[in-house]
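So that you can see what the record holds, here are the features copied from TrEMBL:
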- 67-88: transmembrane segment (TRANSMEM)
- 94-117: transmembrane segment (TRANSMEM)
- 138-159: transmembrane segment (TRANSMEM)
- 179-199: transmembrane segment (TRANSMEM)
- 206-224: transmembrane segment (TRANSMEM)
- 244-263: transmembrane segment (TRANSMEM)
- 283-306: transmembrane segment (TRANSMEM)
- 326-350: transmembrane segment (TRANSMEM)
- 377-396: transmembrane segment (TRANSMEM)
- 408-427: transmembrane segment (TRANSMEM)
- 448-470: transmembrane segment (TRANSMEM)
- 490-507: transmembrane segment (TRANSMEM)
Amino acid sequence: MGYQEYDHDMEKAPIGPASVADDGAVPGESFEYGDTTYAKLQRLAGKFNIEQRGIERVPENERHDDSLLNVGTMWLSANMVVSSFAIGLLGKSIFFLGFVDAILVVLFFNLIGILPVCYFSTFGPRFGLRQMVLSRFWFGWHGVKLIAFFNVLACIGWSSVNSIVGAQLIHAVNHDVPGFAGIIIIAICTFLVTLFGYKVVHAYEFWSWIPTFIIFMIILGVFAHSGDFQNIPMGVGTSELGSVLSFGSVVYGFATGWTSYAADYTVYQPVRQGRTKVFFSTWLGLIIPLLFTEMLGVAIMSATSINDGSNRYQDGYNASGTGGLLAAVLFPPLGTFGKFCLVVLALSIIANNCPNIYSVALTMQVLGRWTQRVPRFIWTGVATGVYIAIAIPGYSHFEAVLENFMNFIGYWLAIYEGIAFSEHFIYKRGMNGYVPEHYDQPSKLPPGFAAILAFCFGIAGMVTGMSQVWYVGPIALHAGEAPYGGDVGFELGFAFSFTTYSVLRYFEKKHFGR
């Protein structure tokens, strides 16, 4: 038995003994034979048109998705969601920024944060490899498992945070629906989309931004008509500097959070697809919804500053977070239709969670030989159960969870980006420096010592620059007003990892020759 063929050839996967295991196993290992549980599960998946390919390289003759609209709308839908709106609220609620300075932070830190996502998206058509598998060319066969571990935490964490936001909206519509019920509803819907794989995820994201965008435009129109917008002036001094840097770290973390699975959604694009076109399709798909939703959040949150006795915006926010604030905008003028709008926004979380839950399954397969023997769609189900278990107890203190998690994302991905860009531009010297056939050959990949050491140095830089409630680094303390300073963790994490890897990799390559 060679390849098991299926009607949906774009999503077929090798399960016969002629295939080569991605973890370097000898072809024909027992789990690949037709009577094993693995093979039976794959055949079952084939009957329901569920994508069976995991982290195996996509052959050039199977890359049939040549639509640039698929590239752009993937990210347009994933970010035209209420989670992005919630980021804008943090500018005032956590960092006490005025309207103008918060808007500028949203603009510039998003422009920085999305660049790695756009660039790594161009790797998918060129190599047909998922982002975590591509990372083997920078971190080595064993070193990439550390990155995969962080990525699993990120995917699960994102999904938990997002589902909490959606549950808040459902609770704001109907207080009889507890938070855990909203979380479960969103999680099950997300699972049903991601279960079937690449094609269904792209099909869903192609359309799902439309109703959400319409609802956001209604919110914008109603709020503008209310006259409750407060143009809070910019602050000055070291306290302002610290708040700008710390809010910027959160915005950057949200924008760059897609980096670790950017290539996952372009692997079925043909090799001939122009890299510039893929880059700018991704760029437009990211920048438009991020700026629109976050700036809208900044504007509406400004209404909580109104001092006229009972402030319905502040009361709504205190009662049910993001959902309560939006209810304060929509319910008085729109009534029942306003509740319908909130339900649509709550379901927009599905579009945001789909990339997380699809990619976490692929990341799990990078962790080891046994994890690859579990089909992708099984890992999708396991991940769904795990983030439900995390989100339910986290529902009651969402704001603190969101801020801390966004910072964590920004920190580790900045370190990842520093190492990846150093290897790519200095040592690989562009795309021609890769031999994609080596992706499953440990002896031809970098040893990974330089990457791991550079990652540790990046963490050291991050620690000196981070500003959290529980710890403020010595450099962060000088970037703002005591006691919290300003968060420069991701900037220093990137600088430390890029610099140290650039030096260490020279000696590693000289000694090992690869």
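From the backbone N, Cα and C atoms, a Cβ is placed for every residue, glycine too.
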Does the transmembrane segment (283-306) come near the transmembrane segment (67-88), with 3+ Cβ pairs under 8 Å (pairs 6 or more apart)? yes
Mind checking which residues reach the transmembrane segment (67-88)? Cβ under 8 Å, same chain, six or more beyond either end. 102, 106, 117, 121, 161-162, 165-166, 169, 201-202, 204-209, 212-213, 216, 250-251, 254, 258, 265-266, 269, 273, 277-278, 281-282, 284-286, 288-290, 292-301, 321-322, 326, 345-346, 348-349, 351-352, 354-355, 402, 406
Note: vs the transmembrane segment (408-427), the recorded stretch with the largest number of Cβ pairs under 8 Å from 138-159, 179-199, 377-396, 490-507 is 490-507
Do we see three or more Cβ pairs under 8 Å linking the transmembrane segment (179-199) and the transmembrane segment (377-396), pairs being at least 6 apart in sequence? yes
Stretch-level contact, the transmembrane segment (377-396) and the transmembrane segment (138-159), CB cutoff 8 A, at least 3 pairs: yes
Do any residues, 6 or more residues outside the transmembrane segment (490-507), come within under 8 Å Cβ-to-Cβ of it, and if so which ones? 249, 252-253, 410-419, 421-423, 426-427, 446, 449-451, 453-455, 457-462, 464-465, 475
